[in-house]
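K.L.:
Attaching a single structure in C-alpha cells format; questions to follow.
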Amino acid sequence: MKTPAPGRIHSIVLVLLSLAVLQTSKAQKVQNDIDIYSLTVDSKVSSRFAHTVITSRVVNKADAVREATFQMELPKKAFITNFSMVIDGVTYPGNIKEKAAAQEQYSAAVARGESAGLVRATGRKTEQFQVSVSVAPAAKVTFELVYEELLARHLGAYELLLKVRPQQLVKHLQMDIHIFEPQGISFLETESTFMTNKLAEALTTSQNKTKAHVRFKPTLSQQQKYPEKQDTVIDGSFIVRYDVDRPLSGGSIQIENGYFVHYFAPDSLSTIPKNVIFVIDKSGSMMGRKIKQTREALIKILDDLSPHDQFDLISFSSEATTWKPLLVPASTENVNEAKSYATGIQAQGGTNINDAMLMAVQLLEKANQEELLPEGSITLIILLTDGDPTVGETNPLNIQKNVRKAINGQHSLFCLGFGFDVSYAFLEKMALENGGLARRIYEDSDSALQLQDFYQEVANPLMTSVAFEYPSNAVESVTQDTFRVFFKGSELVVAGKLREQSPDVLLAQIRGQLHRENITYMMMSHVAEQEEMFRSPKYIFHSFIERLWAYLTIQQLLEQMVSALDAEKQALEARALSLSLSYSFVTPLTSMVITKPEGQEQSQVAEKPVEDESRGSRVYLGPMRFGHSVGDRTSRKPGGGLKLLNGTPLFGPPGPPAAASPFHRMTSRLVLPELMSPLAPASAPSPTSGPGGASHDTDFRIKGTTPTALPFAPVQAPSVILPLPGQSVDRLCVDLRRPQELVNLLSDPDQGVEVTGHFETAKARFSWIEVTFENPQVQIHASPEHVVMTRNRRNSAYKWKETLYSVMPGLKVTMDKEGLLLLSRPDRVTIGLLFWDGPGKGLRLLLQNTDRFSSHVSGTLGQFYQDVLWGPLDTADDSKRTLKVQGRDYSATRELKLDYQESPPGKEISCWSVEL
C-alpha cells in the first residue's frame with residue numbers, strides 16, 4: 001500500500017468503545033468518510049469467566065487516504081488475548097512478547113523515525129486500547145479485539161461491563177451476551193447509561209435455569225439522536241449483573257479438560273463480630289471536599305455497625321489522637337457520640353501515618369491483653385489517607401516494616417488511598433503484607449459512596465482461616481487455597497490442574513472458623529459428569545477452565561510480587577511471564593506488538609498498565625507525532641479522556657442544541673371549568689410522544705390543561721402536585737409549611753413502597769427524598785447533587801440529567817436527559833423524582849397511576865388517597881373551599897402555581913392548594 005504524503009492525511013478517531021473523539025474543523029466530513037458499517041460485541045460468560053470479542057468493519061468512502069484509529073475501553077481486570085486487522089484480505093496479527101523484546105522492537109522503529117501509537121491509560125473501572133492504520137480509498141478494514149476476565153463477586157452480584165460509543169450511526173450494530181452458569185441463575189438485571197424507550201425496543205433478554213441471552217440490536221432510526229442527523233444516542237455503559245443459586249454450602253466444583261474450578265460462597269452463616277479501628281487522615285491536604293465527604297461517609301458507616309461490634313476512631317495529621325482510650329461497643333449511645341466527633345473533624349497539619357498506624361495496633365493489643373475482645377471476633381484496621389507521609393517517620397519502607405512487625409499477622413489492614421497524590425504502591429504493599437487489600441478512592445462527587453461501598457464489602461465477615469484441601473493423588477497444582485477472611489457477598493475461588501491418572505471422583509474439604517466453632521464442608525464431584533456438562537453447550541468456548549486457571553494464577557502471582565523480596569520476586573515474575581506467554585495474555589510483564597502493512601508505521605505496542613506509584617496512571621504514548629492532525633496535540637489527566645490543547649474541546653459530532661421537552665410530564669384526567677383561570681386561555685393539548693415520536697412507558701403529561709407562560713407572576717412551584725383520579729378535583733397542590741424535618745410522605749404496605757423526605761422549613765424545600773421498595777429490596781435516595789440507588793448494600797450514584805435505564809425483576813428505573821427519574825413496577829403506582837431548576841427550585845415528587853394505591857395507604861401525602869370529601873365553594877369567596885380527610889378539615893384555596901412538571905421556568909396553572 002502506498003503511503004500518502006503527510007500533508008494529505010486527515011485524522012479520524014474511530015471510537016468503538018472509547019473515551020472521546022478528537023475532531024478537526026472538518027471533523028464531520030472526515031467522520032462521514034470513515035464509515036463503520038458493522039460493529040458487533042460478542043461476550044460469552046462461562047461459569048463467571050468472560051470471553052469478549054469486539055469486531056468492527058469500516059470502509060473509507062473518501063477519494064483520498066484516511067487514518068482510522070480503533071480505540072476502546074476494557075475492564076481493568078481483563079487481559080487482552082488477541083488483536084488483528086484485516087486489510088485488503090491480508091490479516092495483520094498482534095504478537096504477544098516479553099516486554100523487553102517488544103521494547104527492543106519498538107525502540108528500533110523509533111530510531112527509524114516511526115511512531116508507536118498505542119495509548120494505554122488506567123481509569124476508574126476501565127483501561128484504554130488504541131491502534132491506528134491508514135486506509136486507502138474504498139478500502140475496507142476489519143478490526144478484532146479479544147479479551148478475557150474472571151467476574152468477581154461484589155456485594156452479592158457479578159458484573160459484566162461494556163462501553164459502547166460508536167460516535168456515528170452503524171448499519172449493523174449488535175451486542176450478544178451469553179451466560180451459562182451450571183449452578184443456576186438466581187437473578188439477572190441490565191443497566192445502561194444511554195438507553196431510551198425507543199432503544200429499549202431493540203433490547204431482548206431470555207433466560208432459563210442455567211442460561212441467559214441478552215441481545216441489543218438497534219436499527220438506524222432507533223440509534224438516531226435527532227431526525228435527519230447522523231448523531232447517535234448510543235454513548236456510554238451497558239452492564240449486566242447477575243448472581244447464581246447456591247444449594248450446597250460447600251460450593252460448586254466444575255471440571256473440564258483436566259482442570260477444575262471451585263467456587264465457595266455460603267450465604268447462610270451468621271456474621272462474626274468485629275473489632276474495627278478507623279484511622280482517618282485529617283492533614284491539610286484533606287481540606288475542602290475531601291474531609292467533608294470523609295465525614296459524610298464515616299457517619300453513614302458508623303450507622304451500619306452491628307451492635308455486636310466494637311470500634312474506635314483515630315484521626316491524625318502531624319500527630320495522632322484517639323477518640324476513646326479503649327474500644328467501645330457499637331451501642332446507639334456510642335455510635336451517636338462517635339458521629340458527633342466525626343462531624344467535628346477538621347483538616348490541618350502534616351501527615352504522620354507511622355504513629356497513627358502504631359497507635360491503632362496498640363489499641364487492639366491493649367484490648368486483647370485486657371480480654372475485652374469477644375471470643376471468636378476478628379480485628380480490622382481501616383486506614384484512609386490522601387498523601388505521602390510528611391511528619392515523623394517518612395520513609396515508606398520503614399513504615400511498612402514497623403506496621404508489619406506490630407501487626408504480626410494478628411489483624412487485617414485495609415488501606416484506602418484518596419485521590420492521586422498518594423503513593424498507591426506504598427499502601428498496597430502495606431495492606432497485602434497484613435492480610436488486607438488496598439483500594440483507590442477517586443476524588444469525585446461520589447467519593448463518600450465509594451468509601452461506604454468499600455466498608456460494606458468488609459462489614460460482614462462470615463468465616464476466618466478458610467482452607468481448601470484436595471487429595472494429592474488427584475490434584476497436581478492449585479491456585480491460592482488459604483484465605484484469612486471470607487466476607488458476605490464475596491466469593492472464594494480456587495482453580496487447579498488434575499493429574500493425568502486422577503480418580504473418577506474429586507473430593508474437596510473446606511475448613512474454617514465461625515464465631516464460636518470450627519466448621520468443615522465435604523464436597524464430591526464426578527469428573528466424567530462434569531466433563532460432559534461443558535462439552536454440549538454450543539456457545540461455550542471450550543478449555544475455559546484451563547484459561548481461568550492460568551488467568552487466576554497470573555493475577556495472584558502479580559499480587560504476591562508486590563510484597564515479595566528480590567529472589568522470591570524473580571521466581572514469581574518468571575512463572576507469571578511464562579504463563580502469560582503460554583496463554584497469550586497481555587499482562588504487566590508482556591506486550592503486544594501490532595504489525596501493519598509495509599510502508600506504514602511498523603511498531604505499535606500494547607502494554608498492560610498498573611497503578612502508578614504516585615499518580616495512579618501509567619500512560620504509554622511513545623513519541624508524539626506532528627504534522628498529521630490536531631488530534632495528536634493532546635494532554636491527559638489520570639484516568640481521563642483526551643482534550644485539545646489549541647482550542648475548544650470537541651467531543652463527538654456537533655448537533656443542534658438540546659431542545660426543551662415538547663411534552664408535559666404529568667397526566668391528569670380532567671380539568672374542571674372551576675379551575676380555569678382568566679389568565680389561562682384554552683390551548684391545544686400537549687403532544688403525546690417524546691422526541692422522535694417515541695411513546696413512553698410512563699407518560700407524565702398534562703392533557704387538556706391550559707398553561708400560559710408567566711412574564712411577571714411572582715408565583716412558585718408547590719412542594720408537591722398530587723393527581724387525584726376519581727375525585728371531584730383532578731389535582732391538588734400541597735405546600736409544606738409546618739416546622740418538620742423528616743416527613744413520612746406516603747406508605748403503602750400492600751404496594752410495598754414507602755416515600756420519606758427531609759424538608760428544610762427555612763428554605764421551603766426538600767434536602768432529600770427517599771423511596772424504598774420491599775420487593776425487590778431497592779432504595780432510591782435523591783438529593784440536589786445526585787441520585788443514589790442501593791441494592792444488596794451496593795450503591796450506584798447517578799448525576800441528574802444523565803440517561804439511565806435499569807431493569808431488574810419487578811422494577812424499572814429510568815432517567816432522561818431532562819432529569820426525570822421514573823420508578824415503575826407492573827400494576828403499581830409509578831413514582832417520579834425531579835430536581836427542578838425553576839422558581840422555588842428543589843426536589844419534586846411526581847405520581848402516576850395513583851388509583852392503584854391500596855386502602856392502607858398513609859402518610860402526609862398518602863392520606864389524600866383515602867376517602868376525601870370536598871365541600872362546596874365558599875359563597876363569599878369562590879376561590880376557597882374545605883376538604884375533609886380522615887375526619888380532619890383542611891382549607892383549600894384556588895391559586896396560581898408553577899407546574900414543575902414543565903421544563904423551567906415552568907407554566908402557570910390554576911390549582912386547589914392546601915398548606916400542611
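Keep in mind that glycine also has a Cβ here, set from the backbone N, Cα and C atoms.
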K.L.:
Of Thr705, Thr772, Thr860, which does Swiss-Prot mark as O-linked glycosylation site?
P.N.:
Thr705
K.L.:
Which residue from Ser56, Ser683, Ser728, Ser891 is recorded in Swiss-Prot as O-linked glycosylation site?
P.N.:
Ser683
K.L.:
Among Thr708, Thr761, Thr893, which is the one flagged in Swiss-Prot as O-linked glycosylation site?
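P.N.:
Annotation hit in Swiss-Prot: Thr708.
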K.L.:
Specify the count of other C-beta atoms within 10 Å of the C-beta of Asn82 (N-linked glycosylation site).
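P.N.:
Cβ-Cβ neighbours of Asn82 (N-linked glycosylation site) within 10 Å number 16.
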K.L.:
To the nearest whole angstrom, state the Cα distance for the pair Asn82 (N-linked glycosylation site) and Asn208 (N-linked glycosylation site).
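P.N.:
Answer for this pair: 32 Å between alpha carbons.
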K.L.:
Take the Cβ of Asn208 (N-linked glycosylation site) and count every other Cβ within 10 Å, whichever protein chain it belongs to.
P.N.:
9
K.L.:
What whole-number Å value do you get for the CA-CA distance of Asn518 (N-linked glycosylation site) and Asn208 (N-linked glycosylation site)?
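P.N.:
Each residue's Cα considered, Asn518 (N-linked glycosylation site) and Asn208 (N-linked glycosylation site) end up 37 Å apart.
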